[in-house]
Amino acid sequence: MEVITDLLERNDLLVAFVVVGALMLISGYLSKTLTRGRLQGSAIAIIFGLVLAYFGGLHTGGEAGLADIAIFSGLGLMGGAMLRDFAIVATAYGVDLQEIKRSGLSGVVALLAGIFVSFIVGALVAVAFGYT
C-alpha cells in the first residue's frame with residue numbers, strides 16, 4: 001500500500017487529471033440520466049468539486065481543500081494558473097473570425113463589454129475581500 005501511495009504522491013498532477021476526468025464522466029452521466037440534460041454536466045461537476053473541497057478542508061483543517069492531502073496535491077496546481085491558462089487557450093481556439101465579422105459592430109461591442117465588465121467585477125470582488 002505504501003508503494004501505491006508513494007507512486008500517487010509523486011505523480012500528483014496525473015492523479016489530478018484522473019480525478020477531474022472521472023468527476024466529469026460521472027457528472028455527465030448524472031446529467032443525462034437524472035436531469036435528461038436540463039442541468040449541464042459541468043454544473044454538476046462544479047457542485048461536486050466544491051463539496052469535495054469542503055470535506056477535504058474539514059478532514060485536513062487546511063485551506064486548500066483536497067490539495068492539502070498529499071495524493072491530491074496536484075489539484076492545487078491544476079486548479080490554479082494551469083486552469084486559467086487552459087481556459088484562455090481554449091477560448092482563443094474557439095474564436096471564429098468569420099463569426100466575429102458577421103456579428104458586426106454589436107458583436108464586437110458585446111465581446112469587449114463582456115471582457116471588461118467581468119474583469120472589473122472580478123477586481124471589485126477581490127478588493128471587497130481585502131486583496132491588494
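The backbone N, Cα and C atoms fix where each Cβ goes, and this holds for glycine too.
Going by TrEMBL, these are the annotated features:
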type: DOMAIN; residues: 5-132; note: domain 'Malonate/sodium symporter MadM subunit N-terminal'
type: TRANSMEM; residues: 13-30; note: transmembrane segment
type: TRANSMEM; residues: 39-57; note: transmembrane segment
type: TRANSMEM; residues: 69-95; note: transmembrane segment
type: TRANSMEM; residues: 107-131; note: transmembrane segment
If you average pLDDT over the domain 'Malonate/sodium symporter MadM subunit N-terminal' (5-132), what do you get? 85
Can you break down the domain 'Malonate/sodium symporter MadM subunit N-terminal' (5-132) into helix, strand and coil residue counts using DSSP? 108 helix, 0 strand, 20 coil
